[in-house]
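Annotated in Swiss-Prot:
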- 1-28: transit peptide (TRANSIT)
- 59-64, 82-97, ASP266, GLU433, 449-450: FAD binding site (BINDING)
- HIS90: tele-8alpha-FAD histidine (MOD_RES)
- HIS287, THR299, HIS398, ARG444: substrate binding site (BINDING)
- ARG331: active site, proton acceptor (ACT_SITE)
Amino acid sequence: MLSLKKSALSKLTLLRNTRTFTSSALVRQTQGSVNGSASRSADGKYHIIDHEYDCVVIGAGGAGLRAAFGLAEAGYKTACISKLFPTRSHTVAAQGGINAALGNMHKDNWKWHMYDTVKGSDWLGDQDSIHYMTREAPKSIIELEHYGVPFSRTENGKIYQRAFGGQTKEYGKGAQAYRTCAVADRTGHALLHTLYGQALRHDTHFFIEYFALDLLTHNGEVVGVIAYNQEDGTIHRFRAHKTIIATGGYGRAYFSCTSAHTCTGDGNAMVSRAGFPLQDLEFVQFHPSGIYGSGCLITEGARGEGGFLVNSEGERFMERYAPTAKDLACRDVVSRAITMEIREGRGVGKKKDHMYLQLSHLPPEVLKERLPGISETAAIFAGVDVTKEPIPIIPTVHYNMGGIPTKWNGEALTIDEETGEDKVIPGLMACGEAACVSVHGANRLGANSLLDLVVFGRAVAHTVADTLQPGLPHKPLPSDLGKESIANLDKLRNANGSRSTAEIRMNMKQTMQKDVSVFRTQSSLDEGVRNITAVEKTFDDVKTTDRSMIWNSDLVETLELQNLLTCASQTAVSAANRKESRGAHAREDYPNRDDEHWMKHTLSWQKDVAAPVTLKYRRVIDHTLDEKECPSVPPTVRAY
C-alpha cells in the first residue's frame, strides 16, 4: 500500500502515477489525474494548483452526481468537487421516496401531478419548470431503475408507490394519489449510491474533501471555482466553461433541523459574494415530524402508510384543519396545525410542547417491510418501540425552497438592470436544493425533492450538450484571479478575535429559530433582522485557534459560518418585507395570500457578511412550456 506524505509535492508526484491513493484508512478513486499547473500566491503563503475542465460540478449529492455523470457520459471533461465523501452527502438521508405519475397503483397522469405541485407551491412556483419536472418524472424514474436503483415492488413486480401529502387524482377532485416511488424508507440512500456508481463508471474526476471557497468571475462571466484541499492545504483553481452549483440547502442556520451538519449554504453564499442574487429565501419548510429533542426526520411516508397524529386528548386533530386530506395535507398546513395545538394547550409530554405520531396500529410486517429505517431511528433517538408506543414529534426545519434563481434548463439567472427582465448569468448553472427553479414555490410537496435532483441534474447535462462543444480551449485570464478569496481565507485562518465560531453560530441558530419560525409577525421579523444583523457584526470578532492548513476543522467551520450568516440574513430581511401569508411564510398579521401585490419572487443581494441586503422582485412564470400540451393552473383558494 502506498504511503502518502503531507507535502503537496509528494502528493502530486504520487498522483501522476496512480488513479487511486490512500489517505489515512480511506481509499478514494479520483478517476483521472488531479494534478495541474502549480504556482504560488502573490505573498508566497499558498501553494496554488490550476486545472482546466469543460465543466465543474460543486457538490456530490443527488443533483451534483446526476449532472456530473450526465456530462461525463456526453463526452465532457468533468470535475466534481465535494467537501465530503459523495455517499455521505445529505441526499443519503432522504427517506420516503420520489414522485412520478407511473400509475402502478391506480390510473395516474403527470398533469394531475403538475396540478398538485402548483397548488402545493401556493402559486409561487414557475409553471414552465413544474410542467417540465412532472412531464419528465416518469422517464427519469425508469432511467433510475435501469441504472440500478432497487425500488420496492408490488406483488406483480412493478415499482411500489405510496401516498404522500398534497397528492390527488383528477386535478384535486379525486381521492388520495399513490404516486411516491420508494425504496422502503431509505430511498435517498439507494439513489445516492446508484448515482455515485454511474459517475465513477463514466470517468468523472472527483476532488473529494475539497472545500469550494468562491466562484471565479471575469467580466461578468463565471469561469470556474477556487477550492481548498483539506488534506494537504493546497489551493486549487478550476477553470470551466460551465460551473454547476449543487451544494444543497442551509438548514443549519436554524437550531432545530433535519439537515446534516454539512448543509451550510456554501453555493448560495458563493453566488451572493460574486454579486448575483438569491431568490425566495423567506420560504423555509418546517417538516411536521422531526423527532422531539433531536430533530431527526420521521418520513412523511409513515403517514402515507397509515400513521396519524394525535394530541394530548388522543384526538386525530388534523381532521379539524384539513377535513379531506387529514394527516396527508401539505407540510406547511400540518406544521401550522401542530403549532396551533401546542399553543392551545393540547401538546403532549411534561412541557406539553410536542405531539405524537401513532404507528402502533399498523401490522408489524408493514413496519418491517415499508418503514424499517424509521423504526430503528425512533428506537435510537426517541427510545420508543413503534409497534407499541407513539413517536414524539415536532415541526423541524427541513428544506429551503429558495436558492439560486434558475431556469427550467439549469441556467442561473439575474435580472437586467435596464429592462428588469430575466438575464442568464454566463457560465453558471445550478440544480437541486441550492437552486430555485422554482418548482416548489412557497411550499414543497413531499418526495418532489428527489425528483427535483434527478430531473434538473439531468436537464443541466442536456442543456450543456446542446450548447457547448467538448474540449474548447479556455480564454486567458488574470494570473491573480481569486486573490480576494485567498485573502478572505487567510484572514479567517489567522483571526484573533474574542468570540469562538461555535458561540457566534449558536447565536445565529437561536435567533433564526425564535424570530423566523413557523408563525411570523412584523415585530418578530423586525426583531429577527436586528438580531441577525447584530450577530453578523460579531463575525468581525471571530477567533480561530488552529493556524494550520491541513485538516483544519476550525477553519472549515468558520468558512461555513460565513456562508450560513449570508443566507440567514437574507432570509430574515426577505421575510420581513413579504407582507402576506403564502405557503411556508405564515404571517399572523397578514393571514391571507395577496396575489395582486405579492405573486412575485423575492430577489436578494448581499456582497458579504454584515453588508446591507438589497431586495428586488421578479415575476412568477404563470404559463407552461406548451399551453396546448398542458394548460397552466390559475390561482384559487388553497384548501385540503
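Keep in mind that glycine also has a Cβ here, set from the backbone N, Cα and C atoms.
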Nearest to ALA63 (FAD binding site) by C-alpha distance, among the recorded positions HIS90, HIS287, ARG331, HIS398, is HIS90
What is the set of residues, excluding HIS287, THR299, HIS398, ARG444, whose C-beta falls within 8 angstroms of the centroid of the C-beta atoms at the substrate site? THR258, GLN285, PRO288, LEU297, GLU300, ARG331, TYR399, GLY446, SER449
Measure from the Cα of VAL92 (FAD binding site) to the Cα of every one of the binding-site residues HIS287, HIS398, ARG444, then give the nearest. HIS398
Just give me the nearest neighbour of THR299 (substrate binding site) among the recorded positions GLY59, LEU84, GLY96, ARG331, SER449, Cα to Cα. GLY96
Secondary structure of ARG88 (FAD binding site) (DSSP, helix/strand/coil): helix
Taking the Cβ of the residue listed as 'tele-8alpha-FAD histidine' as the reference point, list residues of the same chain whose Cβ is under 8 angstroms away and which are at least six residues distant in sequence. GLY61, GLY248, SER259, ALA260, THR262, CYS263
Of ARG88, GLY96, ARG331, the recorded positions lying within 10 angstroms (C-alpha) of HIS287 (substrate binding site) are ARG331
Other C-beta atoms that fall within 10 angstroms of the C-beta of ARG331 (active site, proton acceptor): 26
Find the longest CA to CA distance in the recorded substrate-binding set HIS287, THR299, HIS398, ARG444; express it in Å as a whole number. 14
Among the binding-site residues THR299, SER449, which residue has the fewest other Cβ atoms within 10 Å of its own Cβ? SER449
Any idea what the Cα distance is from GLY59 (FAD binding site) over to the residue listed as 'active site, proton acceptor', rounded to a whole Å? 27
Cβ-Cβ distance under 8 Å, sequence separation of 6 or more, same chain as ARG88 (FAD binding site); the residues meeting this, in order, are ALA260, THR262
Cα of LEU84 (FAD binding site) to Cα of HIS398 (substrate binding site): how many Å, rounded? 20
